[in-house]
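Here is what Swiss-Prot says about this protein:
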- 6-340: domain 'Kinesin motor' (DOMAIN)
- ARG12, VAL13, ARG14, GLY93, GLN94, THR95, GLY96, ALA97, GLY98, LYS99, THR100: ATP binding site (BINDING)
- 342-442: coiled coil (COILED)
- 482-521: region 'Disordered' (REGION)
- THR530: phosphothreonine (MOD_RES)
- 547-577: region 'Disordered' (REGION)
- 600-695: coiled coil (COILED)
Amino acid sequence: MGTRKKVQAFVRVRPTDDFAHEMIKYGEDNKSIDIHLKKDTRRGVVNNQQTDWSFKLDGVLHNASQDLVYETVAKDAVSQALDGYNGTIMCYGQTGAGKTYTMTGATENYKHRGILPRALQQVFRMIEERPTHAITVRVSYLEIYNENLFDLLSTLPYVGPSVTPMTIVENPQGIFIKGLSVHLTSQEEDAFSLLFEGETNRIIASHTMNKNSSRSHCIFTIYMEAHSRTLSDEKYITSKINLVDLAGSERLSKTGSEGRVLKEATYINKSLSFLEQAIIALGDQNRDHVPFRQSKLTHALKDSLGGNCNMVLVTNIYGEAAQLDETLSSLRFASRMKLVTTEPAINEKYDAERMVKNLEKELALLKQELAIHDSLSNRTLVNYDPMDEIQIAEINSQVRRYLEGTLDEIDIINLRQIQEVFNQFRVVLSQQEQEVESALRRKYTLIDKNDFAAISAVQKVGLMDIEGNLVGEPDGQSFGLGVAPFSVKPGKKPKTKKTPKDQFSSSARKEGASSPVSGKDFDVASISKTQLIPSSKDGDLKDMLARERETSSIEPLISDSPKEELRAPRPSTPPSRTVAFEEFKNERGSEINRIFKENKSILNERKKRASETTQRINAIKQEIDETKDALNFQKSLREKQGEYENKGLMIIDEEEFLLILKLKDLKKQYRNEYQELRDLRAEIQYCQRLVDQCRHRLLMEFDIWYNESFMIPEDVQVALKLGSSIRPGMVPISRIVCLGEDDQDRFSHLQQTVLPEGLDSITFYNAKVKTDQKHNYMKTMVGLQQSHRK
């Protein structure tokens, strides 16, 4: 592309039964809108009120379907993104004018999906059509609410909570949101799941203009990286598509917003005002400065407004006479956006690994050409590889003979040999300087003229060796450790460089220690693997691994025991979850609960040992400091007395010698205790992870047991044998998911089954159903944990 182009601006009119035909007229080419207002007679005879406006656009979408909107607005920008061009699609307009519907659409109906899900679908369809390229797709979802940044995908299980607030960072590659999670997606369904997850976390509120009004700006970004599968070229292309759903502007005097809605509207209007200022500055060719940093919105979109990307604006307006003032304001913004010019360019980068391989091939080819050139010049046995130690020693010998005069000249072979000759000249010169200095030191005592302390010491005691030869030199300073309360629980698990297998090995060497049995990974499906088995005093790693294999071979904990068959019948009314949880821990979950308690007791024992070790370390540190003070006192006392042997060496007494030995032993104890503390901390982190996983398993098993025991539909109960118990696996998971479903849920299942839209809608509906099921499960778990705390 490479040429400058204008930003494309489209207008979409919200359908209404009360369309102002007399005031709003469309051009014949469907690329202009004319607005006509009647003069207000209340202003008198002299009335200079403007009554006519005309706006030139790239297209007017009136009564247009979602398919037509996407084909007109976004399809070209998305297809060019796979060729390496960045793209930005933005929806702007009044509150309730249809921005979110245009961008996201209705997630309940496949036909009514918006630009965003259609763009995801097009990306993965085009990837399938390009088998010669390996294309990686990542997505992120950013929300800007009241000038604060939020990650809409931070609620996913594998995304940890952010410790520091999110910030906008600029680097040579563009704008980077520090703290924003970016998720790899290899399938269309995974991308839809992330979209629905973010939509669930968006902030919406009821408004006079819209019952479900978006109260924040949202930016969904699709990152793409394409490598060639056939070519060995180190060059590859990257691109990103920013899909921006802006919050709606409003006139506070007309909407009458109050309280929190008023505060939100103030922030929204302020950020949109700064956005318009940035657009005006970009459209003015004489402006050198563009105020991007005035708001989080403009700063986050700095590399997406103009620049080297394809930009498309969709302005959503009302067609009613009552909203004509806001419609004019939105159309002015669209006309100003059309003044902004962009210069799209392909984003090319270079793969360092492939570049190294290509350079190695080129180097080998150049060596072959050089060998041919040497053979044609009758030069044989010329080596251009890096020199080894033997060749360097030979050059060093030639340099020495040249300096001594026994060698007249040094033959020049190649550039590498010339560089090494100069290097050996430097080495020989340095060695000669050291030899001269050593000879002077043997004959004279060298003292720095600026070292007044050394001069005074020599004058005082008459020593030739100003440094002296003392027994036991002081080493580096150590540090102390604070003792944390035993009951304190860390808010976040610290990172450790040790793997679980390393932690197990280190703890197995401790005498009398109880170590967690660990395989390659902790298997949540087999809860028996999470049990912490104490090891014998002289046990080794092989015995522990044998125990682990025996433990892992145990059948699942839930068995068809006679006790379950003889249980009392369940009451007709389901008990509360708190009572049912206690019953579950005594019956079905007794084994899981026992393992959980054992793991927790071993974790507490490790924490107690760590606290005791910390106290011992602090005591040893205090004793080391006291011993150092005593040793320094003895040294100063000895230096004052000035006791020396005939050779000029200082003499230390027995008391000072014992202090030196004691200090050495204390430091050894300190190192051993500190190493033990590090091992204990690693074990504590590993045990804490096992306890958390065991707790999660216990709650998950309880939820399944509760639904199977008290929430089974009547037709499933009739199908079961009389008096038999309900075990996991007897009830299909689809029936468990449907427990307590209402008419809307049944309609959703029917909608997914029938799929009138065709096979392309399968991934869309699957992602929607999975996201809804996950959020329902999370709500159930939160309610259960709250009732358990009470």
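Each residue, glycine too, has its Cβ placed from N, Cα and C.
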Exercise. Do you know the mean pLDDT across the domain 'Kinesin motor' (6-340)?
Worked result: 86
Exercise. Within 10 Å of the Cβ of GLY96 (ATP binding site), how many other Cβ atoms can be counted across all chains shown?
Worked result: 23
Exercise. At its widest, how many Å does the recorded ATP site span between Cα atoms of ARG12, VAL13, ARG14, GLY93, GLN94, THR95, GLY96, ALA97, GLY98, LYS99, THR100?
Worked result: 14
For this session: Would you identify the secondary structure of GLY98 (ATP binding site) according to DSSP, in three states?
Result: coil
For this session: Any same-chain residues 6+ apart from GLY98 (ATP binding site) with CB under 8 Å of its CB? Would you list them in sequence order, or say none?
Result: ARG12, ARG14, ASN316
Exercise. What is the number of other Cβ atoms found within 10 Å of the Cβ of ARG14 (ATP binding site)?
Worked result: 21
Problem set entry | Cβ neighbour count within 10 Å of GLN94 (ATP binding site) | 24
For this session: Provide the number of Cβ atoms within 10 Å of the Cβ of ARG12 (ATP binding site), excluding the reference atom itself.
Result: 25
For this session: Could you check what DSSP calls ARG12 (ATP binding site) once collapsed to helix, strand or coil?
Result: strand
Problem set entry | Residues near THR100 (ATP binding site) in space but at least six apart in sequence (CB under 8 A) | CYS91, GLY114, SER214, ASP245
